[in-house]
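As structure tokens, the structure follows; a few thoughts come after it.
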Amino acid sequence: EINQKKHNNRQNKMFFLQFRFATCKDTLMMLAGSLCAVIHGAATPLMLLVYSRMTNTFVAYEIEVQTLKDENTTCSNNTIYWKNGSLLVSCLCDCCFTSYSFICYYRVDIEAQMTMFAYYYVGIGIGVLFVSYFQIVLWMSAAARQTYQMRKTYFKKIMQMEIGWFDCNSVGELNTRMSDDINKISNAIAEQVSIFIERMSTFVFGFLVGFIGGWKLTLVVIAVSPLIGIAAGLMAMAVARLTGRELASYAKAGAVADEVLLSMRTVAAFGGEAKEAERYDRNLEEAQIWGVKKGTILGVFQGYLWCIIFLCFALAFWYGSKLVIDTKELSPGTLIQVFFGILMAAINLGEASPCLEIFAFGRAAAKNIFDTIDRDSEIDCFSEDGHKLNRVKGDIEFHNVTFYYPSRPEVKILNDLSMQVKAGETTAFVGPSGSGKSTTIQLIQRFYDPKEGMVTLDGHDIRTLNLQWLRSLIGIVEQEPALFATTIADNIQFGRPGVTMEDIVQAAKEANAYNFIMELPQKFDTLVGEGGGQLSGGQKQRIAIARALIRNPRILLLDMATSALDNESEAVVQKALDKVCTGRTTISIAHRLSTIKNADVIIGFEHGQAVEKGTQRELIERQGVYFTLVTLQNQGTSNTNKAEHPVAGKVNPAQNNPTLRSQSKLSTGTLSDSIPMISDKLFSTEKQTCEDDAKEIVEPAPVSRILKYNRPEWPYMLLGSLGAAFNGCINPVYAVLFSQILGTFSISDLNEQRKQINGICILFCIVAVISFFAQFLQGYAFAKSGERLTRRLRKKGFQAMLRQEIGWFDDPINSPGALTTRLATDASMVQGATGTQIGMIVNSLTSIGASFIIAFYFSWKLTFVILCFLPLIGLCGVFQAKMLTGFANDDKKAMEAAGRVSSESLFNIRTIAGLAKEGSFVESYQQKLVLPYKSERKRANIYGLCFSFSQCVLFMAYAASFRYGGHLVSSEGLQYMMVFRVITAVVTSGRALGRASSFTPDYAKAKIAAARLFRLLDRVPKISHTDGEKWDDFRGEIEFLNCNFTYPTRPDAQVLNGLVVSVKPGQTLAFVGNSGCGKSTSVQLLERFYDPTEGKVLIDGRPSHKVNVPFLRSQIGIVSQEPVLFDCSVAENIQYGDNSCSVSMDAVVEAAKKAHLHDYVMTLPDKYETQVGAQGSQMSRGQKQRIAIARAIVRNPKILLLDEATSALDTESEQIVQSALDEARKGRTCITIAHRLSTIRNADIIAVMSNGAVIEQGTHGNLMAKRGAYYELVKTGAPIS
């Protein structure tokens, strides 16, 4: 109990803590807004007092008219006399008629009375107009100011955190928190608070008005009203919960779609389209079930709610009429006042409960956000503390350093490491994967602090030095460099602010990047795309080197800086690096021998310790770690080749640490690609895309075609429409019954009066029962038909996407993020023209139709007067609906720019920390927040005006219609109950009109969304999957004949230029050449991802464009440089190799053994059931590569494509995998692409490519003897001209 109390106290505190960013001005605004909300809440109960007196006046007038009909009465000077002359005294105001023998009755001046009531209504209406405007504007403006401050503080705090914190917090989650959680807090501290206060005020004043009118009837109604309040609250909660579950299922389906579209080439290569569509549909089915449940529960609750309300009417009017007729405790007016006062209170209490839910969400979100804001960073990058040394030599020393990553404290990475790196020398770190080489570099940058021991710079513990200053001394180039989505010049400039264009050009030249940059259309102003996606690996690497060089650093850290380069570039860049290393302290983690042969000192690592140190010659003589690595590499290769061999594979700080792997790669492009960015579009294409979108607003689709997709559900739609029609008639029927009850009070025969009232109460009970079943029927039937349609359209849309050719996905408009969003939004938007919406429209139309028939039948004149207000009442309905959905979409757009900055910053946090650029990203984010903040302030005013207008117009309608009604009663003898009947009927039809008109934007959006979907469904892919030849004796003979090719998105850049090369069945063809010469492109033509623009690719002598695509791809197995794995188990990833049948577990194990993967998998806790994580993030690159090889082997292909298949492996693994590949190649046609010449020297044909054409081909021996381009490449790595 004590714990529960503490928890409740904490929750309550947290509610007020949400306002911790409020200034005095904000607090005053919120207090004033609350006062306005209280006054606004009191207005409707206040109106009931006027309504009550007005009812009494009408009844009194009617009785007077009845009395005058008696032949024995006469009227003189507004006083009624019996004809025998006696004067009878009593006041009709209290409706106390004792006996007809003594009545004196002063006539009711109905016109004057109604004028007075009209003024009251107008007065209340004007008051409401003002207070409701200020209630909204003050609260929303205060919330906007607080949210703006909160976002700024939160982002700055995140950027301040140490890198270890990011290891334990996923970047995707932080981005979600930044948008969703702060939005939830914003909702919980904005207008919802004022609406909650207003509803609670109506609740309190409604009860007061009831008690003042008559306490007995109040108690009877109160006994029933909790049933209404509880039902409304329960409904809101149940729907919110089911919506949450439905959205979670859709999110899962969205994640599948996103993963598949991101990995489209892999899916296409392995023919997994049908399998993926099935996997997507499984998640949609779950969402459909939740959606139908939600609709059904909504129907049941709505039915229950209306049933209780009508039963409540029956009870209240029956008991109330007893108090009016039998005990005379109430007048007809006070009966109405009490009943509606209590009803209003109960309904407002129910409507206040969704607000409580919003507050609860806000509290939960605030806890996450404020916990982060209140956390102190262990390594504060914004701190001004610490020394700055006057002179830096650059001596770095590790003193007994022990270290483990915060995310995996049980795995020791560095174990009592001691070593010294001398100033001005180049020191190379070598050693097997996971021995701690990269980790030392991260400790030097102070991304982490050692758990024991210390790292010193020139004898000073780096923890005592100023962090920003320390990082400004260091330049780093990583294996997978992160670039930012801006221009090349800006990316280089990130290295050092304030540099001139000459400096940038000079740095680019030193990094051997200048030439390729000048060949680009926009040169240095070329946008590199999200994560540098528009550039090749080698180009990204060179820009990263330029960025490091422009810093002119004292300490240069090279973490496999040239691994992504081909021989030609590597040789030139290595020269540049050798040149810039002079006079600097340089630490190089080696990948190829050529990169460390000039090192002054080599340090060998093993198990987190430096086990040997010396020059190259000393270490070879010592025969330790270094010797082993060199020997392993040189086995089976000639001395000529020594210069190009790798020494050690990429070292990740946690090779044996799967979970960390995903996090310690935050700075790499791979991860940023694997998680959809807030906008996948490049900045350059954004404007164009918007224009395209504007152009692509296609003709809205005809509703008939939308309904055609819904045809299988027609019985549900018919039943639902029947239910909706019944529901629509219920409000007009209520108007008739309600006015009839008021009419009975003017009947002089008491028995007749009681009989009529009982009859009407029974009718109310019948309506209640019908209402329950009709609401349930409408809710269930339309939920079923609508959800089924959404699922059907999503699945068809996804299948249509998977059918498209790969070139279609290259268009930025069709980026994975955009497509996933399109799938989600378009399919669910189409429901705006079918499903629940049809029910709402049928309901509204029948309601309007029945109401108008009743109104015109009983008084066409009064109906026309009220009709003048109908458009306004209808507009109020629209504004109310707009209010509920909010202006969320405008907000989202305004927040997108800030979202892009935040997501890019968090994905590349290591790079930003290494460049000490946190401050500039925080500034950039804060600038991007100004626009959403201003739009939020503007929105508050617009919303306030709409809200206040919608609240006030009903009062004005009542004023005009009752005033005119009074005139008709007095001058034309219209019965007063007809006035109530017509007004109630038209006002309810106005509300129905508002509901119906609030769906028109949805309806319009639905037709446009459907048109977009149908355009996708109707698009015929340029490379058809269905047509084409198949044949049994597939041999695997391949021939490229004069192939020319340009990518569809870059038609001005010729990639292949008359490519001629052929390979016989069973032969191995190796492509070599510099980056961007067309090696990978030729492989993509073979897979038929694209067709050549000119020339042909022949497969077994048949032109590729005449071959059946699935058949062709089923004969090909591919292993690429950065293999794509799916977020499922190791076994499922291997089974993906053959999607045409179910792959047995034995076949999986067999393939894993051939790929030298089996032993590693058996060490994992769940063995083959181990999840590999999104994009295979839980595996090291070498492990991913081996899974990809096993996947290709399972396929048992006739043609094997190896696109740098061993580039990611360390020496030991490479030897093993290379032998596995040699095994796999036997009896198969193989095309291999490699930057490392050692991997291809045994190929049957080596084709040297340059500028999209083969410049020489032959065996290794032939080409070496020719002494042409290949010989130069092998000997020196010189450029191929």
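Note that Cβ sites are derived from N, Cα and C of the backbone, with glycine treated the same way.
Just so you know, TrEMBL annotations never went through curation; they're auto-generated.
Among the ranges 334-354, 838-858, the stretch that TrEMBL annotates as transmembrane segment is 838-858.
If one looks beyond the transmembrane segment (838-858) by at least 6 residues along the same chain, the residues whose Cβ comes under 8 Å of a Cβ in the stretch are 717, 720-721, 723-725, 727-729, 731-733, 735-736, 778-779, 781-782, 866, 978, 981-982, 985-986, 988-989, 992-993, 995-996, 999.
For the transmembrane segment (757-783), the neighbouring stretch richest in Cβ pairs under 8 Å, chosen from 28-51, 118-142, 297-318, 714-737, 942-961, is 297-318.
Among the listed stretches 28-51, 193-213, 219-240, 297-318, 942-961, the one sharing the most Cβ pairs under 8 Å with the transmembrane segment (714-737) is 297-318.
Under 8 Å from some Cβ of the transmembrane segment (193-213) lie the Cβ atoms of residues 30, 33-34, 36-42, 44-46, 48-49, 52, 132, 135-136, 138-139, 221-222, 330, 334-335, 337-339, 341-345, 348-349, 351-352, 355-356, 359, all in the same chain and six or more residues away from its ends. Long-range neighbours of the transmembrane segment (28-51) within the same chain, counting only residues 6 or more positions beyond its ends whose Cβ lies under 8 Å from a Cβ of the stretch, are 19, 22, 117, 120-121, 124, 127-128, 131-132, 134-139, 141-142, 193-195, 197-206, 208-209, 333, 336-337, 340-341, 344, 348, 951, 955, 958.
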